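What TrEMBL records for this protein:
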{"type": "ACT_SITE", "residues": "Ser156", "note": "active site, charge relay system"}
{"type": "ACT_SITE", "residues": "Asp234", "note": "active site, charge relay system"}
{"type": "ACT_SITE", "residues": "His269", "note": "active site, charge relay system"}
Amino acid sequence: MAFETKATIASFGGKLYKLTHQSTETTTPMAVNLYLPPQALTPTPTKVPLLIYLSGLTCTPENCSEKGFFQHRASQLGLAILYPDTSPRGLNHPGETASWDFGAGAGFYIDATQEPWKNGYRMESYITRELPQTLFADATYGAALDASRVSITGHSMGGHGALTLYLKNPGMYKSVSAFAPIANPGKCPWGEKAFTGYLGGDREGWKRHDASELVKGWDKGVDLKALVDVGTGDNFYKQGQLLPENLEKAAAEAGVKGLTVRYQEGYDHSYYFMASFSDDHVNHAAKHLGLL
Ligand SMILES: N[C@@H](CCC(=O)N[C@@H](CS)C(=O)NCC(=O)O)C(=O)O
């Protein structure tokens with residue numbers, strides 16, 4: 001359904017729009033923030049490409065819009081950014097708000113198969129189909145966007161989302177990047193908890209939603225166009241929640257080219273880390289979206 005505009009905020013010469021719309025996938029109202037750079041807002045706008053940013057555990061569309069600093073470089077290059085929410089909200093499934101790493105704020109960008117979560121916890125279909133289709137068809141916001149040029153990025157759980165949705169849908173996105181991604185969810189406590197709850201106990205089936213497994217099926221002849229940053233001071237990395245080495249190893253063993261993983265000395269899991277490297281990730285997307 002059409003977007004309702006809750007707020008319009010000037011940012012780096014462009015505008016950040018706080019939107020909501022009724023989703024048929026989640027069956028709930030969904031909040032989403034959209035940044036349009038100045039190039040999309042002039043009296044004679046050019047169509048701009050889109051970077052989708054998927055957030056981490058506990059986040060709403062606000063966290064990264066406010067403190068990720070993606071808009072700075074995006075405004076210079078002429079790139080729109082979409083910040084979706086991390087789960088449906090208000091379904092009131094039992095236990096939905098009992099923990100911060102499962103249920104509300106923790107949809108893991110998959111379509112749940114287990115009761116009660118299969119009702120509404122359909123973030124994969126929402127992010128890959130319903131949200132972009134609604135946005136590109138929107139009379140107000142879609143006109144400024146080039147639907148044929150989309151890239152994806154994300155942080156932590158959202159890094160898992162970006163990598164897996166990219167690997168599952170060759171051609172849908174022009175490039176992928178991730179900050180501190182949950183790179184092998186089938187083998188870490190966050191992923192095991194979420195996948196057991198949403199998908200059930202069949203670990204073989206989890207592999208369809210795990211970047212370190214999916215990368216093995218990538219076409220070796222096609223550059224992966226993937227940039228990953230991880231801070232060596234990140235406590236979740238130290239606790240084995242992220243496992244980026246497993247992704248690197250799987251890609252190398254499968255002969256997949258084009259994965260760059262950078263270990264940033266001393267950086268933690270926070271937005272101080274992301275803001276320090278967000279220019280690099282916007283440049284990475286821009287290169288593959290024809291802006292650089
Ligand atoms: N709530 C968790 C932290 C979860 C966390 O670090 N979430 C990250 C994404 S995985 C985040 O972006 N949090 C929101 C923020 O820092 O603004 C805790 O209390 O330990």
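Note that Cβ sites are derived from N, Cα and C of the backbone, with glycine treated the same way.
Just so you know, TrEMBL annotations never went through curation; they're auto-generated.
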Rounded to the nearest Å - Cα separation of Asp234 (active site, charge relay system) and Ser156 (active site, charge relay system): 11
Proximal but sequence-remote residues of the same chain as Ser156 (active site, charge relay system) (Cβ under 8 Å, at least 6 apart): Gly56, Leu57, Phe179, Ala180, Pro181, Ile182, Phe236, Leu242, His269
CB contacts for Asp234 (active site, charge relay system) [other CB atoms within 10 A, all chains]: 22
